[in-house]
């Protein structure tokens, strides 16, 4: 069994999401061969040298899962693209490049965060290219912590404001980009997150059937894609209210 999740946006202000994730680690993930986290794992990440006590607790929880035998793979999202080798080493996980092709159930599957598919949002794509440049990353990682915190808040607020103003089709994936990149990597299954629009889309690429599986964000409920001998199953689950969790 292999599990894939994305867009948890973990932060101390959302203990319900944190509890649901920790429950997943202590339960179903212990029985899994691998856990893939496809970006926006944290709501914000300003550097491995600036881990808060909350983020450190998540790191330790991942390490416990890794030590139990489950392999963990982590991909950058647009909120946590500064996650580095230091965190991954401490958490016992492997950093995946975006995009990556992996074998799931004997089938090559393309994994992405999904933001690079939104090519109609030209302003965002330009900003993404700038922020992911090695020189920009080097500069960001060497800024004072206070400056990084302020910059992260500014970028997050601007991102939220711009997303609210943009048309839905602009912030969703570009339809023509999906078959193009699937053909480029020679796959018939694509799994990604980012858009917060969970679904399984059936496609036709040439004369072959294909599918695009969109993982859901963890806001009002959690989403998990489970891959096993039964196939690919995308499902959601409700969070346990924090008041109940505290009593157990």
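Glycine too: its Cβ is placed from the backbone N, Cα and C atoms.
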Among 40, 172, 219, 228 - the residue Swiss-Prot places in the same Mn(2+) 1 site as 7, 9, 196: 40
Candidate from 78, 105 that Swiss-Prot assigns to the same Mn(2+) 2 site as 40, 113, 194: 78
Number of other Cβ atoms within 10 Å of the Cβ of residue 159 (substrate binding site) across all protein chains: 14
CB-centroid shell, 8 A cutoff, Mn(2+) 1 site 7, 9, 40, 196, site residues removed: 6, 8, 39, 77, 79, 193, 194, 217, 218, 219
Lowest local Cβ density among 9, 79, 194, which the record lists as binding-site residues, within 10 Å: 9
Other residues, Cβ within 8 Å of 40, 78, 113, 194 Cβ centroid (Mn(2+) 2 site): 6, 7, 38, 39, 76, 77, 79, 114, 115, 193
